[in-house]
C-alpha cells in the first residue's frame, strides 16, 4: 500500500494495470467461542458445510448471544429451576384453568433449553419466560393458546414501556388444524414487535393446512436431519420459511434439575430459530456502526428477511419444489456485517 496525495490518486487510477483504489482500513480478528461436546443441532447451524467428524459436536458462537433479550416459550411450561438455565428462567403465566405452575410434560422445557440453556442453547444468555398454554398431556384449547400469545405481547409491551429488555422473541412449538383466529393472533403479535418462530408441523403435509404454521408474519420452521435431509415427518410447502435441526435433539427436561432428553419434531427445530432470533437481537450493530439500525432496533419483518437471506441455501435433500431449501445459520461467531447488510 502507498500513501498517495489526492491528485496522484486520480493519475494512478487511470493506469491500465489498476483495477481499483481502496482506502486502507483496519481489520479486527473477532473473538468467538467454541463449545465442544455440543448437540449436533447447534453444531449444524454454526457451520456452512455439512457436519464432519471434526465439526459434528462443535458450536461456534458469540458468547454475548442472547444478553438482554427475553424469549417467551408458549408451550407446556418450563422447568424454571433447571440448573442449565442458571436462574435466567422464570414463570410467566399458566393459562389453562386449575393447572399448576410447572411443566408436567417436558416438551416446553426441552424447547426452552434449545433457545437459551447453557449447554444446549443457541442464545446462552437469554431470559426465558414460561407461558403455559398446554396441559401435562401436551394438548390444550385453541382459546388458551391465543390467550398465551396475548400474554406474551402484553408482557413485551410492558417491558418496552419500562425501557428495559425491549427486545422479545417467542416460540410456539405446537400446532393444530387451520385456525384463522390463531394465525391472526400470531400475526398481530409480530406487528406488536414480537419476533416469532413457529413449528411447521409433523404430518408430512403442506404446512399451509395448519396453524400457526400458516401465520405469514411468523417464521415457520421445518425440521432437518444430521445428514442434511428434510426429516421424514416435517411439513413442507410455501408456508415454510426455513429449516433447522429437528431429529434426535438433546436438551433440558423434567424429572430433576439436571434432566435431559432426546426429542424429535419440528417442535425441536422451531426453538433453534427462536434462539437465533434472540441471538441476533442481542448482537445488533452499535450506534457507531455503519449498519446501525436505529434506537428502535430491527423490526421482526426485517430480521426475518435477514435470517432467511443469511441461511445456507440448497444443502438439504428431499425438499419439495415449492418449499424453500434454506438451512439456518448463525454466522459461526464471526463478523456479522453480511447479516446486517442484507
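Every residue, even glycine, has its Cβ placed from backbone N, Cα and C.
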What residue among 137, 209 has an entry for N-linked glycosylation site in Swiss-Prot?
137
Densest Cβ neighbourhood among 137, 171, 267, 335 (recorded positions), 10 Å radius:
171
I'd like the Cβ neighbour count for residue 107 (active site, charge relay system), meaning other Cβ atoms within 10 Å of its Cβ, all protein chains included.
26
Nonlocal residues around residue 75 (active site, charge relay system), in sequence order (Cβ under 8 Å, 6 or more apart):
103, 107, 108, 111, 112, 130, 131, 132, 133, 134, 171, 172, 173, 174
I'm trying to understand the geometry here, so how far is the Cα atom of residue 267 (active site, charge relay system) from the Cα atom of residue 137 (N-linked glycosylation site), in Å to the nearest whole number?
15
